[in-house]
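**Q** Take a look at this one; I'll ask things after.
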Amino acid sequence: MSCCTMDAESVLALSTTSFSAEEVRLASQPLGEGLRQLDLSVSDVHCGGCISTIERALLTLPFVKTARVNLTARRVTCVYQEEIEARATDPSKILGEINSAGYRAHLFTPSAPESDKTRNQLLLAIGVSGFAAPNIMLLSVSVWSGADAATRDMFHWISAMIAAPALVYAGRFFFKSAWNALRHGRTNMDVPISVTVSLSYAVSLWETVHHGEHAWFDASVSLLFFLLIGRTLDHIMREKARAAINGLARLAPRGALLINPDGSRRYIAVEEIAAGDEISIAAGERVPVDGIVVSGESDLDLSIVTGESSPVTVASDSEVSSGAMNLTGSLVLRATRIAKNSLLSEIIGLMEAAEGGRARYRRIADRAATLYSPVVHLLALVSFLAWGFLGGDWKQAMLVAVAVLIITCPCALGLAVPVVQVVAAGELFRKGIMVKDGSALERLAETDTVAFDKTGTLTMGSSRLVRVDAMDESAAAIARGLAAHSRHPLSRALVRDTETAPISFDRVTEIPGGGLEARNGADIYRLGNAAFACGTSFVPRTADSPFSEVVLSKNGVDLARFFFDDTLRPGACEAIDRLDAAGLETLIVSGDRQTVVDNTAHALGIDRALGSLTPKQKVEECQRLNGEGRRVLMVGDGINDAPALAAAHVSMAPATASDIGRQAADLVFFIDRLDAVPEAIAVARRSASLIRQNFALAIGYNVLAVPIAIAGLATPLIAAVAMSTSSIIVVTNALRLNGFGKRPDMHIRRGIGRSAEVKAA
């Protein structure tokens, strides 16, 4: 129900903002085959009517191939031809066409997120209308109770003075939107709302001036109060969807140390890095752009790229991607891509594309709303004319028309979905699950396939020592003494999971990409990967093993081998059982090695497991399933899962996930147990049932109430009471969801079988 608004500053900008064709062409990106993509920011896009208006306007340009509006990002993505019949096209016309449609467009540039002023304004408007409505109602009670004429007139004037500023301040969202739509030859949901509120106040003021017995100031203010609640909920939930992309953008480094050809170094912004530039990356810094290692050796956290739970060693000629964290040594990197074409930018683009796809759910509702507006106006007009010409009482005709407009106000319809979402979100929160996206529950109820990431989702994401093959009794003590000097995940797991008292070393050196080295007299001890500890001729045992291996050596001869795996998340087995029992298909999509993924799938009884997937391949798998008509719930935790979380029909992440993973997900569960997934699906299905009931109640109310209003049997006051009552009924029905989890018959059937204690080993 959110619609277009424009202020005077925006209107002025339409006539002053201009870009040359060359500026626009430089701001767009080549796609090949003579096509370019242009991204534009359009801040005043708010509803499905805005989307269809802009897209239709752009597609009238002969050189525009596709146009898509992302409602969440308030961005327009346009693909256009560079040439038509050997003549260059003018892409600046794209901005002009958007401006002509009544919207302010400018070239998109990433920037830090600003505070949500619209949300604050909406909350303040709710407070103003919420203060005015009950106070006017209290005055109305005295009038209804039979106050004398002088007291009645005084109360009416007081009500008028309270209602006027409330209507001006709280109603400006609807009035501006309605005016903007009408002056461009369109209607939207705010048009009948604005007409209803204005007519109700005008008729009430007329009655007050002429000492009438009744006034309906409370009706107009109450309408605004209920409608603003629905609009605010919609706005808050939509803006939360942007948090993931903002967080991912903050992950990218802002600058890098450039190595000049003469060997000197200077710090430059990431945007200034060109392909072929050499940059220095110290330990603890993130890789700013995609590139190839020129010199140096280090361990990188590549979780953003592959989802690997363990750091990966890189050396000369290794390819690295932007966003990876350099853990140990210094590197010199030759850039192969500029920042806007790097992996991080690609992930952000994938997430925005997925969010744009979600807008179709809102479009369906807004398209229905475009039909509602003219029908309501026509109904009120016909009622007015019929009563005026047939009855001859034009005052009564006006009251009937106002009553029809009030009684058909979409308050109940507007609250049918958001109120259930809020109650369901509260119920899930009590279960340790947070809902972040307004449409997430609706989409979760439609789920028929659940795709899990492995590391950090099905498992806890922390390494666990599972086996030690020692050739020397003191090996564990030596290894623990060495491992205590490193923050490597496997070193920490070794220290945590061994109980032997460590042997102390005076000096321990950490070799980037290799491991730890220490001397004890004439002996050299090494702990790390096989090649580092024993030389390149040593053959590790992890090639086809589900375990990670660390080798301890003395003077190049192995003393012990330590094997690590990941622990299954508590409740993982029960969760898979319950999902299977509910008829949902389960699969694993992971960046880990296929052998490791297969091992976890076998432990959980999951038939389909895909390993060694990149973020893009995870997205493609979700899209493939969507193409087959499946409704995919993606459950993941890593930064590399963020695009798939955004591309899936709906997504969940544990609270232990990366910041980006949590922000990209529609739902986040704070409990350690994985049975939060079937719990959430159970509540979502129940809430979907209540939403359908609320729609039935709201439609049933209109079917019964509209004929009564047309017949003149309902005054504007009665119409306002009926409208409020319908809203209360809808809210009360939604509250039935409270305590849902306490009724065992509502739960997804629990599977019987494997114990939660089954391990991944």
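We count from 1, first residue shown onward.
Cβ coordinates come from backbone N, Cα and C, glycine included.
As the structure is a computational prediction, the values presented were derived from the model and not from experiment.
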**Q** Go through the topological domain entries in Swiss-Prot and note whether Thr151 and Asn738 share a side of the membrane.
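**A** Swiss-Prot topology: Thr151, Asn738 on opposite sides of the membrane.
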**Q** Can you tell me how far the Cα of Asp453 (active site, 4-aspartylphosphate intermediate) sits from the Cα of Cys50 (metal cation binding site), in Å?
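**A** So the Cα of Cys50 (metal cation binding site) lies 37 Å away from that of Asp453 (active site, 4-aspartylphosphate intermediate).
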**Q** How many other Cβ atoms are found within 10 Å of the Cβ atom of Asp641 (Mg(2+) binding site), counting all protein chains shown?
**A** 36
**Q** Could you break down the residues of the topological domain 'Extracellular' (143-155) into DSSP helix, strand and coil, giving a count for each?
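**A** In the topological domain 'Extracellular' (143-155), the DSSP-based counts are 9 helix, 0 strand, 4 coil.
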**Q** Across all chains shown, how many C-beta atoms besides its own are within 10 angstroms of the C-beta of Asp453 (active site, 4-aspartylphosphate intermediate)?
**A** 31
**Q** Counting only residues 6 or more past its boundaries, what in the same chain has a CB within less than 8 Å of a CB in the topological domain 'Extracellular' (206-217)?
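**A** Counting only partners 6 or more residues beyond its ends, the topological domain 'Extracellular' (206-217) has Cβ contacts under 8 Å with 136, 140, 143, 149, 152-153, 156-157, 159-160, 162-163, 200, 402, 715-717, 720.
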**Q** Do at least three CB pairs under 8 A connect the transmembrane segment (692-711) and the transmembrane segment (185-205), leaving out pairs fewer than 6 apart in sequence?
**A** no
**Q** Ten-angstrom check, please: count other Cβ atoms within 10 Å of the Cβ of Asp637 (Mg(2+) binding site), all chains counted.
**A** 30
**Q** DSSP three-state call for Asp637 (Mg(2+) binding site): helix, strand or coil?
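**A** The three-state answer is coil.
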**Q** Would you mind reading off the Cα separation of Asp637 (Mg(2+) binding site) from Cys50 (metal cation binding site), to the nearest angstrom?
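**A** That comes out at 34 Å between the alpha carbons.
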